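J.: So TrEMBL lists these for the protein:
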| type | residues | note |
| --- | --- | --- |
| ACT_SITE | E89 | active site, proton acceptor |
| BINDING | I165, E166, V167, G168, Y173 | substrate binding site |
Amino acid sequence: MITLICGSMYSGKSTTLLMKIQRAIYGRKKAVLIRAKIDDRGYFTHSLGNEELRQFVENKKLTVLEISEFTEEKVNELCNFFDSIFIDEFFMIKNCALLAKKSLPSNDVYFGGLIATSENEVFSEMIEILPYCDEIVKLNGVCMECGSQLGNYSLYKGGNKTQTIEVGDINKYKCVCKECYLKINGRL
Ligand SMILES: [Zn+2]
């Protein structure tokens, strides 16, 4: 089964992914967490700051890999060895659709990530995996401006971006609702 966990920044995607990882491990599945390895900037996503996650890794219950691109060989290797495959920030990894397409019916694959850039341009990786997803979980965050539960926009706070994916945290991005997004952009 393939599940997509998507939404804006700070909508709880990684927390939801962690919950799924816990369930897989408690169910004695062979589990792997794949994170994006981004060129020369090292890898991003959230650190292994979560204590439970760190213990899973230390106790060899969870394998963590950094990948920049899915190849045919890598996909076959992953699907044959692991039961449960978790991908955090999948849109930063090239060729995700190959994993979605080639995974076996016995594999549980979870893709977690943003739908679009802070300019609301949908990531091509997102579009490419959609036909293969059996379940889609769409999360909203809390608006960090007004407190609305409809925080659906990732607002970039740093002026002009130099690249489509700019690795950042709470200092660079915040989650806002449509009303606040439009107000901040002077369109309301
Ligand atoms: Zn708001």
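Cβ atoms are placed via backbone N, Cα and C, with glycine included.
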J.: List, in sequence order, the same-chain residues at least six positions removed whose CB sits under 8 Å from that of Y173 (substrate binding site)?
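T.: When sequence neighbours closer than 6 are ignored, Y173 (substrate binding site) has M9, Y10, S118, S154, L155, Y156, K157 within Cβ distance under 8 Å.
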J.: Within 10 Å of the Cβ of the residue listed as 'active site, proton acceptor', how many other Cβ atoms can be counted across all chains shown?
T.: 23
